Amino acid sequence: MNNRYELNKNLAQMLKGGVIMDVTTAEQARIAEDAGACAVMALERIPADIRSAGGVSRMSDPKMIKTIQEAVSIPVMAKVRIGHFAEAQILQAIEIDYIDESEVLSPADDTFHIDKTQFDVPFVCGAKDLGEALRRISEGAAMIRTKGEPGTGDVVQAVRHMRLINQQLRTIQNTREDELFQVAKDLQVPYDLVKFVHETGKLPVVNFAAGGIATPADAALMMQLGAEGVFVGSGIFKSGNPAKRAQAIVKAVTNFNDPKLLAALSEDLGEAMVGINEQEIELLMAQRGI
Amino acid sequence: MKKTIGVLSVQGAFEEHIKMLEQLDVNCLEIRKKTDLTGHTIDGLVLPGGESTVIGKLIRELDLFTPLKTLIEADMPVLGTCAGLILLAGRIADVETIHLGTMDITARRNAYGRQLGSFQTDEAFDALGKIPMVFIRAPYIESVGEKVEVLARVDNHIVAAKQDHMIVTSFHPELTNSLTVHRYFLNLI
């Protein structure tokens with residue numbers, strides 16, 4: 001891979017231990033930055049509202065993204081539909097810091113993801129198992145996040161995805177070297193990436209938790225399960241006191257191993273987003289793009 | 001006895017610094033809250049890269065601000081990279097809020113623009129020859145006070161400097177294979 005790809009992986013390294021927050025306006029972006037977000041995700045509707053509105057969900061208006069770029073000094077990310085490389089070209093043209101090729105939006109291609117190696121800006125992609133994660137990385141993703149189930153406030157799927165990815169990493173690390181070829185075949189991923197996992201026990205890029213994280217305890221749970229940071233989408237601006245909740249989640253990610261501090265952070269946060277359980281959802285976004 | 005370096009670990013690329021330092025045979029201590037500093041003795045301090053707005057906010061809210069500033073003002077050797085440079089800068093162009101502010105430099109945040117402006121190059125570091133320098137949404141130093149020694153320049157902008165026991169770089173030595181900057185820092189102790 002080229003130097004650009006290294007620089008793009010490096011930016012994800014700088015985001016580690018941080019919280020990336022979904023914002024829909026410049027005002028929300030400033031609240032997020034003041035609360036300690038390490039980056040913001042600019043989108044017209046947060047996942048919970050995409051769910052309730054239904055219909056086709058697309059890349060946000062570049063003008064709206066630009067107002068957010070002007071409002072904050074931290075990195076600004078934005079989403080494109082799976083496979084929609086023209087949307088990605090547009091975001092690159094407005095110098096976005098990170099593109100999220102996201103299952104939260106309606107997929108534009110039900111077979112092919114974007115060839116991310118053709119872009120200079122970095123991409124983050126969702127994954128629910130190691131095969132998906134490594135396929136996205138081979139397509140050029142510089143950062144991975146769990147898919148979770150966006151817009152639900154239900155953390156169960158993010159937990160499932162993070163545990164599965166880490167279990168699979170451990171398994172490959174302990175696999176005999178002459179069996180790695182078969183592992184690559186089973187996972188439908190390049191052998192070189194399997195070899196890397198075997199040698200290091202890690203993904204070659206940073207891995208964040210995303211989808212359904214709504215409380216400081218959720219964030220701490222994901223960090224203890226091995227996430228290197230978290231995305232919080234609907235959980236903040238769908239709650240009673242966004243600024244306070246945002247700050248509490250930021251501190252919970254830094255001190256995820258300190259239950260006393262987590263207890264203090266969890267006090268008086270006001271109402272959490274209502275949330276919907278996995279069984280109650282009609283649309284499982286995590287099943288988009290494999 | 002092995003030296004112990006406290007690495008500010010509230011957000012950002014602190015693990016990368018720890019991996020570099022461990023190759024140089026020192027102990028590392030992750031500093032996440034006040035008791036990590038008050039409960040241990042350290043010989044030096046590293047302020048890593050990350051987002052300076054986040055780190056600046058967290059050191060205040062986790063009661064690390066005053067203990068860190070006190071240590072640095074009492075001549076504790078410190079290495080600040082990227083966001084760490086911003087934390088130590090006495091002035092930040094177009095920004096009112098300064099952080100620890102112990103160093104007589106004026107820094108400019110995101111001086112090379114957005115991620116598309118991030119780059120890697122090889123330039124001379126002090127008298128130690130060329131080293132790889134990785135700039136990620138990096139700042140640079142616009143001007144320095146009399147007591148500050150310039151250690152490196154890229155395209156005429158100051159990207160590394162030293163004042164007494166404080167070293168700052170706007171690039172990320174922890175993202176390369178070169179131990180030059182970390183070794184230089186440990187020599188101050």
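For all residues, glycine too, the Cβ spot is worked out from N, Cα and C.
Annotation comment: TrEMBL describes B:Gly50, B:Glu51, B:Ser52, B:Arg109, B:Ile136, B:Arg137 as L-glutamine binding site. Cβ contacts within 10 Å of B:Ile136 (L-glutamine binding site), excluding its own Cβ and spanning all protein chains shown: 27. Secondary structure at B:Ile136 (L-glutamine binding site), as computed by DSSP, is coil.
The active site, nucleophile annotation in TrEMBL covers B:Cys82. B:Cys82 (active site, nucleophile) has a Cβ environment of 31 other Cβ atoms inside 10 Å.
Other C-beta atoms found within 10 angstroms of the C-beta of B:His172 (active site, charge relay system) number 27, with every protein chain shown included. For B:His172 (among others), the entry in TrEMBL reads active site, charge relay system.
DSSP assigns B:Glu174 (active site, charge relay system) to a helical segment in the three-state reduction. Residues or ranges marked as active site, charge relay system in TrEMBL: B:Glu174 (among others).
On its own chain, B:Arg137 (L-glutamine binding site) has B:Asn110, B:Tyr112, B:Gly113, B:Arg114, B:Gln115, B:Gly117, B:Ser118 as residues at least 6 apart in sequence with a Cβ closer than 8 Å to its own Cβ. Nearest by CA distance to B:Glu51 (L-glutamine binding site), out of the active-site residues B:Cys82, B:His172, B:Glu174, is B:Cys82.
A Cα-Cα distance of 10 Å separates B:His172 (active site, charge relay system) from B:Gly50 (L-glutamine binding site). Cα to Cα, B:Ser52 (L-glutamine binding site) and B:Cys82 (active site, nucleophile) are separated by 8 Å. Using a 10 Å Cβ-Cβ cutoff, B:Glu51 (L-glutamine binding site) registers 27 neighbours.
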